[in-house]
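J.: One structure, as structure tokens, below. Some questions next.
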Amino acid sequence: MKKLSARRRHPLAAVVVLLLALAATGGLYAAFAPASKAQADETSQSLAIDEGKKLYAVGCASCHGTGGQGSSDGPSLVGVGAAAVDFQVGTGRMPAATSQGPQVVKKKNIYSQAQIDQLATYIASLGAGPNVPTSAQYGPEGADIAKGGELFRTNCAQCHNFTGKGGALTEGKFAPDLEGVDPKHIYEAMQTGPQNMPSFPDTTLSEQNKKDIIAYLNAVNSDETVNPGGLELGGLGPVSEGLFAWIFGLGALVAVAVWVAARTAKAKKS
Amino acid sequence: MSSQDIPEENLPAEQGHAHGAVDVADEQNPFADPGLPPHEHRIQDIDERAAKRSERTVAFLFTLSMLATVGFIASYVTIPPDRSIFVFPIGHISALNFALGLTLGAALFCIGAGAVHWARTLMSDVEVADERHPIQASPEVRAKVFADFKEGATESALGRRKLIRNTMFGALALFPLSGVVLLRDLGPLPEDKMRHTAWSKGKLLVNMNTNQPLRASDVAVGSLTFVKPEGLEETDEEFQNEIAKAAVMIVRLQPDDIKDKQELEWSHDGIVAYSKICTHVGCPISLYEQQTHHVLCPCHQSTFDLSDGARVIFGPAGHALPQLRIGVNPEGYLEALGDFAEPVGPAFWERG
């Protein structure tokens, strides 16, 4: 220490101190960098909330109220979570053109994913709810298709039919066909229960269960589906199959019988 | 070509033109029976080359059927069951199923087509008339039968030997009883099985997805969960019989939305448990609409209102869905507070 103190007036001392100070600043910066990044995240978060609020005021507030509290035309959005927004807006169901009719149907989505995310962030800020799932949650890795089939038949098939082709409900409502629906949206629908669909929260249908169900749907109801039985006839079960057999199968037999009997075998045509 | 163009010597022997008497229509009888039209020949009857051609066609169809059967066996042996092929316009299908169906269909169709072509072109097509005749036998035959019967009755001495007659009647009367006794195999009677399910007081509600007991806090408002009674495993021999009666759906309503007083009493904090078996003909129903609280049966559209004691609001069902009375145990798990108070599923005679 004495040695160091003795050299404090050395011409290079200032340089050394400067270097040490720089290193310390750098080290301190490195140590606190994540914190400041979080700061930045929070800023972008509040920015997204602001942007989402503006979008909300234009597209949603007329029915759901200026603060998401709901009105006679639309339910409260407090606590529905980002997943519900991503599903409803991402599938084009919201904003609904009208609240008339049995149910709001899927249509062309008019928002960019970035705008949907901003809206979702705003709605999520009103009250805690399910988050938008990540692709690791709904992706095919580690999914058990057979288990998914069992779970689908227990929980979903009563309305969506055995392979997700959909079906009728009361008073004009229906469960939609699940073919071509984004796995993320299927996951969100199970989490949030849009419109008359009951929800299947993680507490009763685990994340893994949901992943299995999505993998099953991809196996039986998508472009890549191989159908060993031949024509699937809408995949609606015995009704369409019976109709096909009766009309086309028996119809062909009747036509052949008529054709055979209508042609006379006689040499002299009468 | 018509029969007029055929030289006389090429025609086969004439068939009798008149089948039965032919009346001639006149003033008294304008709708007289015109009789059968004269027989007309087919080209195969007249032209031997045409007959040969038909013969070859029939033989060709039968040969095709044989080849198709060989093809069926060959595809069964050679095509692996998991190979899929693309067939327009059907799409991706199993190659084995497609080949088996096509060859089996062709084999059967060619047998039928060959037989029809054979019958229509080569087998005799001469019209055969079988005139009606009175059903009653001639008086001589009738008299003989009556006489024979009387003689037989006298010779058997049935009227005289009463012991034989009575024991025979007894034997004939008792014999069908063995058949009646066998009907017992249709039983045993269900006794009170239809009035009880696997639920009983204190049994936990086990989530069918996770096979874990369900906590009250797990059940969100608007969610739908299916549960089975604790202790009933899918590997149990009686599982299907038991779950057919014990299947239960759990939904959670806002307690304020529950209109029926008993439903509210039997629920826990808005969580209600209802039988999933339709009271009409027993279809499993769980088409639950979380906004209207309606449950729809897909078989005959019976609709139940879960916010009002599962009252029938539409369709042929005769009873509300039975509710399972539930509570929560000290650890927070949902438990049954007893069996269903009434029989689940369709009504039956003794249901009352």
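Cβ coordinates come from backbone N, Cα and C, glycine included.
Here's the feature list from TrEMBL:
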BINDING   A:Cys60, A:Cys63, A:His64  heme c 1 binding site
BINDING   A:Cys156, A:Cys159, A:His160  heme c 2 binding site
DOMAIN    A:47-127  domain 'Cytochrome c'
DOMAIN    A:143-221  domain 'Cytochrome c'
SIGNAL    A:1-30  signal peptide
TRANSMEM  A:243-262  transmembrane segment
J.: Do the binding-site residues A:Cys60, A:Cys63, A:His64, A:Cys156, A:Cys159, A:His160 include any whose Cβ comes within less than 8 Å of a Cβ in chain B, and which?
T.: A:Cys159
J.: Can you give me the same-chain residues 6 or more apart in sequence from A:Cys159 (heme c 2 binding site) with a CB-CB distance under 8 Å?
T.: A:Gly166, A:Gly167, A:Leu169, A:Ala175, A:Met197
J.: Who are the long-range neighbours of the transmembrane segment (A:243-262) in its own chain, taking Cβ under 8 Å and residues 6 or more past its ends?
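T.: Answer is 231, 233.
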J.: Taking the mean position of the Cβ atoms of A:Cys60, A:Cys63, A:His64 as the heme c 1 site, which residues outside that list, in the same chain, have a Cβ no more than 8 Å away, listed in sequence order?
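T.: The answer, listed by sequence position, is A:Tyr56, A:Gly59, A:Ala61, A:Ser62, A:Gly65, A:Gly68, A:Gly70, A:Ser71, A:Asp73, A:Gly74, A:Leu77, A:Met94, A:Pro95.
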J.: Which residues, in sequence order, are found in the same chain with Cβ within 8 Å of the centroid defined by the Cβ atoms of A:Cys156, A:Cys159, A:His160 at the heme c 2 site, excluding those residues themselves?
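T.: Once A:Cys156, A:Cys159, A:His160 are set aside, the remaining close residues are A:Phe152, A:Asn155, A:Ala157, A:Gln158, A:Asn161, A:Gly164, A:Gly166, A:Gly167, A:Ala175, A:Leu178.
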J.: Provide, as an integer number of angstrom, the distance between the C-alpha atoms of A:His160 (heme c 2 binding site) and A:Cys63 (heme c 1 binding site).
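T.: Spelling it out, the Cα of A:His160 (heme c 2 binding site) and the Cα of A:Cys63 (heme c 1 binding site) are 29 Å apart.
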J.: Going by DSSP, is A:Cys159 (heme c 2 binding site) sitting in a helix, a strand, or coil?
T.: helix
J.: Would you mind reading off the Cα separation of A:Cys60 (heme c 1 binding site) from A:Cys156 (heme c 2 binding site), to the nearest angstrom?
T.: 30
J.: Counting Cβ atoms within 10 Å of each candidate's own Cβ, which of the binding-site residues A:Cys63, A:Cys156 comes out highest?
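T.: Selected residue: A:Cys156.
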J.: On the DSSP side of things, how many residues of the domain 'Cytochrome c' (A:143-221) fall into helix, strand and coil, could you say?
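T.: Per DSSP, the residues of the domain 'Cytochrome c' (A:143-221) fall into 42 helix, 5 strand, 32 coil.
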